[in-house]
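Peer 1: According to TrEMBL:
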- ASP147: active site, proton donor/acceptor (ACT_SITE)
- ASN9, GLU383: Mg(2+) binding site (BINDING)
- LYS16, HIS207, LEU208, GLY209, ASN210, GLY211, ASP281, PHE282, ARG283: ATP binding site (BINDING)
- ARG90: substrate binding site (BINDING)
- 36-55: region 'Disordered' (REGION)
- HIS179: site 'Transition state stabilizer' (SITE)
- ARG240: site 'Transition state stabilizer' (SITE)
Amino acid sequence: MSDHVLVINTGSSSLKYSLVDAASGKAAASGLVERIGEPEGHHRHRGPQGEKQTTRRFASHEDALRAAVDAFETQGPSLDDVEIAAVGHRVVHGGSRFADPALVDDELVAAVTDLVPLAPLHNPANLEGITVARRLFPDLPQVAVFDTAFHQTLEPHAYTYAVPAEWLKDHGIRRYGFHGTSYAFASEQAARLLGRDLAELNLIVLHLGNGCSAAAVRGGESVDTSMGMTPLEGLVMGTRSGDLDPAVHAHLVRELGWSMDEIDHALNFESGLKGLAGENDFRELSRRRAAGDVRAQLAFDVYCYRIKKYVGAYYAVLGTVDAIVFTAGVGQNSAEMRATSLAGLERLGIQIDESRNTASADEGRAVSAADSPVAVLVIPTDEEWEIARQALNCVRSTDHSGG
Ligand code: AMP
């Protein structure tokens with residue numbers, strides 16, 4: 001029986017895909033269609049014969065997925081030769097309803113549609129990907145894997161905002177948390193690297209990519225996380241503000257006459273590192289900082305200081321910590337960020353080893369001093385593999401219970 005899963009991650013104007021062997025994590029092929037709906041779109045397919053790039057208009061997500069299917073045919077591997085066991089969809093918001101991956105059917109589509117008000121920037125695109133894939137692959141089981149599911153273990157005191165109780169009851173306003181597939185993957189890998197059972201570990205996991213969040217993970221279960229009802233809360237991100245006094249909204253409306261859409265856009269797309277330094281690419285930010293750029297330095301300082309605050313908070317939440325785990329683009333690659341964020345925490349048992357921290361490596365590794373009571377780990381995340389694994393497990397367990 002095949003272990004191959006076609007993983008699909010749809011954005012509002014993009015479609016990312018990967019054909020992953022769920023057993024090994026190896027991608028037989030992957031690709032990305034960008035600028036869907038614009039006059040000139042771009043498609044990159046990477047397969048056994050190398051990479052091919054195409055530039056043309058992609059009218060819709062269906063057009064984009066058809067281009068991906070064509071690329072499999074012309075550049076391989078042919079989807080006729082690779083038996084696909086399932087299509088796995090990344091879905092950003094599963095609300096309180098989905099604590100696990102779920103088979104896609106009409107009822108699931110309706111449930112994810114109901115959640116659009118909680119994730120207006122993400123769920124509509126994810127639904128579009130599901131609709132198109134069901135049309136193109138009607139005979140394959142399709143599984144929705146939710147970013148929020150991992151955090152459904154949060155207890156009420158951690159997920160409840162201190163607002164009128166009806167807001168939660170009537171409108172679902174609470175902390176949900178995101179980056180769940182990355183946390184599931186990184187936590188398991190951390191246990192493997194430490195040679196210990198995940199069930200006995202307390203971890204602080206920092207997913208630092210273009211989006212950034214932190215999670216306190218006890219025994220493999222999330223007990224708190226920095227993103228909230230939406231992915232805007234918490235750490236400083238590439239273009240998102242993270243934590244902000246909620247009264248700033250009213251001030252912008254009352255004093256400056258801004259609309260809600262303008263505020264939403266500014267906080268999601270014009271803030272974070274981009275807002276502070278005009279730059280959301282961490283590599284470029286580091287270059288500018290090294291050259292003495294004052295705005296880049298401040299952005300870096302704000303970013304690292306916010307991480308330190310969350311590490312302290314989650315340390316207190318967990319009581320004891322076995323490891324701090326850095327993952328995703330910035331987490332895996334910026335030694336300076338890791339060192340600055342954890343500087344001065346030696347009394348908490350957190351001690352980075354400078355030469356381990358600055359050594360470059362593609363694999364999971366410890367960057368803490370040998371005698372540091374709390375391990376500091378760098379783990380390359382692999383959300384596609386995790387989605388493939390979860391999708392395949394979901395299909396197999398459903399098959400099993402059905403037969
Ligand atoms: P992700 O969302 O996980 O793809 O991460 C994207 C972020 O990682 C961007 O801000 C990149 O600038 C950053 N990044 C990627 N490679 C490096 C690197 N070598 N050093 C610092 N930041 C990096």
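Heads up, the Cβ atoms here are built off N, Cα and C, so glycines get one too.
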Peer 1: Please identify, from the recorded positions ASP147, ASP281, GLU383, the residue with the sparsest Cβ neighbourhood, meaning fewest other Cβ atoms within 10 angstroms.
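Peer 2: Fewest other Cβ atoms within 10 Å, among the recorded positions ASP147, ASP281, GLU383, is found for ASP281.
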Peer 1: For ligand 1, list the binding-site residues among ARG90, LEU208, GLU383 whose CB atom is within a distance below 6 Å of it, in sequence order.
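Peer 2: Those binding-site residues that pass the cut-off are none, since no Cβ is under 6 Å from ligand 1.
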Peer 1: Measure from the Cα of ARG283 (ATP binding site) to the Cα of every one of the recorded positions ASN9, HIS179, ARG240, GLU383, then give the nearest.
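Peer 2: Closest candidate to ARG283 (ATP binding site), judged by Cα separation, is ARG240.
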Peer 1: Which of the recorded positions HIS179, LEU208, ASN210, ARG240, ASP281 has its Cα nearest to the Cα of GLU383 (Mg(2+) binding site)?
Peer 2: HIS179
Peer 1: Fewest other Cβ atoms within 10 Å: which of the binding-site residues ARG90, ARG283 wins that one? Let me know.
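Peer 2: Checked ARG90, ARG283; of these binding-site residues, fewest Cβ neighbours within 10 Å: ARG283.
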Peer 1: Looking at the recorded positions ASN9, ASP147, ARG240, which ones sit with their CA no more than 10 Å from the CA of HIS179 (site 'Transition state stabilizer')?
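Peer 2: Within 10 Å of HIS179 (site 'Transition state stabilizer'): ASP147.
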Peer 1: How many angstrom lie between the most widely spaced Cα atoms of the ATP binders LYS16, HIS207, LEU208, GLY209, ASN210, GLY211, ASP281, PHE282, ARG283?
Peer 2: 23
Peer 1: Using a 10 Å cut-off on CB atoms, tell me which of the binding-site residues ASN9, ASN210 is the least crowded.
Peer 2: ASN210
Peer 1: Measuring Cα to Cα, how many Å separate LYS16 (ATP binding site) from ASN9 (Mg(2+) binding site)?
Peer 2: 5
Peer 1: Which ones are near ASN9 (Mg(2+) binding site): of the recorded positions ARG90, ASP147, ASN210, ASP281, which have a Cα within 10 Å?
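Peer 2: Near ASN9 (Mg(2+) binding site), where near means Cα within 10 Å, the recorded positions are ARG90.
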Peer 1: In terms of DSSP three-state secondary structure, what is the assignment for ASN9 (Mg(2+) binding site)?
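Peer 2: ASN9 (Mg(2+) binding site) sits in a strand per DSSP.
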Peer 1: In terms of DSSP three-state secondary structure, what is the assignment for ARG283 (ATP binding site)?
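Peer 2: The three-state answer is helix.
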Peer 1: Provide the number of Cβ atoms within 10 Å of the Cβ of HIS179 (site 'Transition state stabilizer'), excluding the reference atom itself.
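Peer 2: Its Cβ has 29 other Cβ atoms within 10 Å.
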